[in-house]
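Asks: Can you read through this structure? Questions will come right after.
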């Protein structure tokens, strides 16, 4: 009984179709603790026929039958047991079935897996074929879809099971014309009446096509073509289960020695093939077989496989029977090599690296994913050429092969280059079939040839192609009679000894979607070509063993190949003696030449050689911060050793064109700046991920053993020792800088002393040795004005740690000064000038504060560096033509903005101009700054007037601004009184006061203000003044999730008072806090200017359905509150609500077009569409709000009435009238003939009005029609009200929209043959709402056993399946 199972609070599925209630949920067996699926079916319709009651038992009978041991080969959800309750007549009332639980879930969960492989998709298809073959003469499933197929992970593989037999039908006993199934996967003939087991073929094809999008690895496109055939609408030409089985068996046989074999690598796929063959399911007459034809160079082949690679298409084909017969007749042959691999190169070969194979160089091809199974390759050398990587969809049984290359001029290239590879002569096939004839010399030739080819590619500096060779396991070796491959029809089967044949290599095209530049992992089994066979020479065993040792070390491929060739040459004498005159001499000649060239090259220290000798375990940390604008992912320099010399190698990611712009360092070397690191060269390697640039220096001897950095030792020092270390490093740094400034150096004839701060104009790096000595080197020449300023902060961060350094005010000063001084900003809206005395002025603060803190008497000996008069030496900032000394810099306590390149969106500056001092807030709105200097105009300089009656709001004294940056000046004496929202928790009052100020002074809306906190009640007793820094943009960022600037401030201000705005959202969301605060209530209810901000106060009464509530306002009025949209910027936060039916609303929205064309009043649209594109408050609505406003404007009666709408917690809600005295038609217990006619008449009137407005309700059903009877003037009258427009839409955009309740939907909504017509739906003659109304009336007539003939005739016309072909009844 069910007592042995414990329910788990996880309902998987629940549905009530009026006759039955189905609930599927997880349960746990109390004894073994295992999870199972419990399917409970309640049969609650007492009016159903005897036959329908008998059919109730079919599901568990089917499950029970196919769960028996005799059907163990079928992957069907396993029946465990069932429980039943029967009525007095013995019919089922309640059925509970316990089924095996599959932890992966259904196929819709496959998208959560990291990768779905082609072998999984093919195995799933084979598994379903086994089941459908078993069902063929007895059962039709009728509801195959992803939701009814379940999977579990079995190690790296997937296992699949077909479930939900509830829709299944017996072939013999049932007339198969019932509308059972799922819209998207339902075969068209089901709706037309009369169908066969081919409906399951259709559903399976649809399911497989939906799953292909999850496969990111290249897949044999023939299978997609096969799945397309399964979904042909004409079931007469749709393939049968027997045809499909014969095709896949033949496909497997023809693909055994090709790249297509990877499709069949699931461990159970081959057992299914064997099962089909043992049962002789794979035998069909020739005329019944499925064949895909392909035309290549005017010759037709039967196509077996189609793959798209990076720069090629590969087809596995078989010659047609006619061709085979003619050839056999001419050549008098018994068997012929009729299976070919034809490789079509998209681009002609750029270079032949060997006469034995042809190579396509792809160094400059960058792989780009377009999404789904579509992909493309864009050539960086020729960006106008795009190579498509997805096979064209087939039409019928024919494939047209072409190269799919087009450029912007529309040129088309076909058959750029073809390579014919005879599959029957491949190394793998010959070895497996004639292993006894594979002599030792043949084995050695194969190994030697593969190594030579790999070396030639590697020597051409293409590790990617070498890795491809290593990865393909010799699938590219073929036996041929002559150096060139003859045409396929001339290739004869091998009869002579294999040693008399030549081995040739074609390029090993790799079908896995490697992103360009990613190094293919070395396959340690690369040389093990013998597929478990005997290795017939010890040299090969030695090579394989060596390769297995070297593979895990991540060495460069060329180094591995040199090692292997050296081993081969040690046995040259033995090999040539043992296998004389067998053609091995040519290989040893090549090997000796390779080693000779490598020895000659060792005398020259090449850049590539030094890079190859990098020891990744030996690296030195560099002080960060001097390479802004480039990747800082590698914060170390690496050490390379060669012949006793040590080299420092720095690297960064190569950006195409960057190295050409930055001239090689050797052209601009500054010897004196480079005195610690002697520059060698710069080397670009594009074979690694996106390419790397290596800068090579000679490593100073004092750094050779500095693998352990002082950073680690600093972490254990106390603060006093850290201060000493920092002062020592600063002394070295400043002394070095001073020496450069005091001497004359020339760079390419240019006098550096004529340049101010020349040292800071070049990007350099700092290295600190174990002895705390500073060393410098330049990675490349580039301008960076902030280098020197930033260096003080970075050295401090290195000593104190990233967190503690921010506590040292003087160092934070340099960080913020660097933000102002950065090359991106210094020449734009403001500029900062700084010189040597200015730097020392701020550093002196650190020296003196340290000495005072630790009781030290006087400066140490190194203080002689301060040889300048430091009195009143400041850095200064130019704002337009006004100059201010920078007395101090700091950041307020606000949440950092991580979206900016620098965290420089807000800096507080203490400035001095003559005798006047100011507190200045510098606000930067965008990280990308305008390159035009600020021109001061009357509009730029805005003096402010603080003589207003609002003593709470303190406005700036002066504002200087452009479109990107603004400077707000306040009284200097307020500098110690500033707080932020993070410091103080009175946001609600501050916001409301600020809004109050905006309403009275709109021109001040976009300025930064200070709010006097002492005037709030709880702060009146505070002795010291406190002012809250208030920035409306910062508030928008925190409350609304956006950081932007408003192009039209006036529009923004006017939007604040609209029903849907930042303000109304904030107030409604924080309603409880605001209503608990007397001060907030006073602002909202006693100030007339704030009256439109009053919140909507209501209580929830009950939830009617998801996102729909009955609510009551403070005046006891009842409403229906429905979710209708959301604030667009908060999309990620409200995804959980499910907004499939909500569309973007913009100025180009088609609703405006409808309004204009029909002459409607569009006042109700203005609040939705008259918005600037840059406005923060862009919304997403469903159509319900717009449609209800239109119907309200038109005064349409008997339809759900819109009362109002509001926004809360970023969600837009609409309020409609609550019809408490009505009942929906599904709830009503009694209707008579007059009632049904009244419903028809009133609903027809409403639909006619909706049609005139081009509105389609789309969900007419009993639950959405309200009905009541009332007495008027002594007479009983019936009233009907149509509600729930949540999925309603305008006519001309209805195509392919399948929303709605299936039972009441017109067939054209979900049947493919009626979808996607060329003409708009408005030009077609069907009436989908009429169909739904007809089906509703049909349901009510059956429910209440009321069938007046006239009404029956009308309803029959309303629900004709092909209603669009017939003349509709007049409404």
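Quick reminder: no glycine exception, Cβ is built from N, Cα and C everywhere.
Pasting the relevant annotations from Swiss-Prot:
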type	residues	note
DOMAIN	9-269	domain 'Protein kinase 1'
BINDING	15, 16, 17, 18, 19, 20, 21, 22, 23, 39	ATP binding site
ACT_SITE	143	active site, proton acceptor
DOMAIN	1131-1371	domain 'Protein kinase 2'
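Describe the structural surroundings of these features, if you would.
Replies: When secondary structure is read from DSSP and collapsed to three states, residue 23 (ATP binding site) falls in the strand class.
Around residue 143 (active site, proton acceptor), a 10 Å sphere centred on its CB holds 21 further CB atoms from the protein chains shown.
For the domain 'Protein kinase 2' (1131-1371), the predicted model reports an average pLDDT of 70.
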Asks: How big is the Cα-to-Cα gap, in Å, between residue 143 (active site, proton acceptor) and residue 23 (ATP binding site)?
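Replies: About 17 Å separates the two Cα atoms.
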Asks: Using a 10 Å cut-off, grab the number of neighbouring Cβ atoms around the Cβ of residue 23 (ATP binding site), all chains included.
Replies: 16
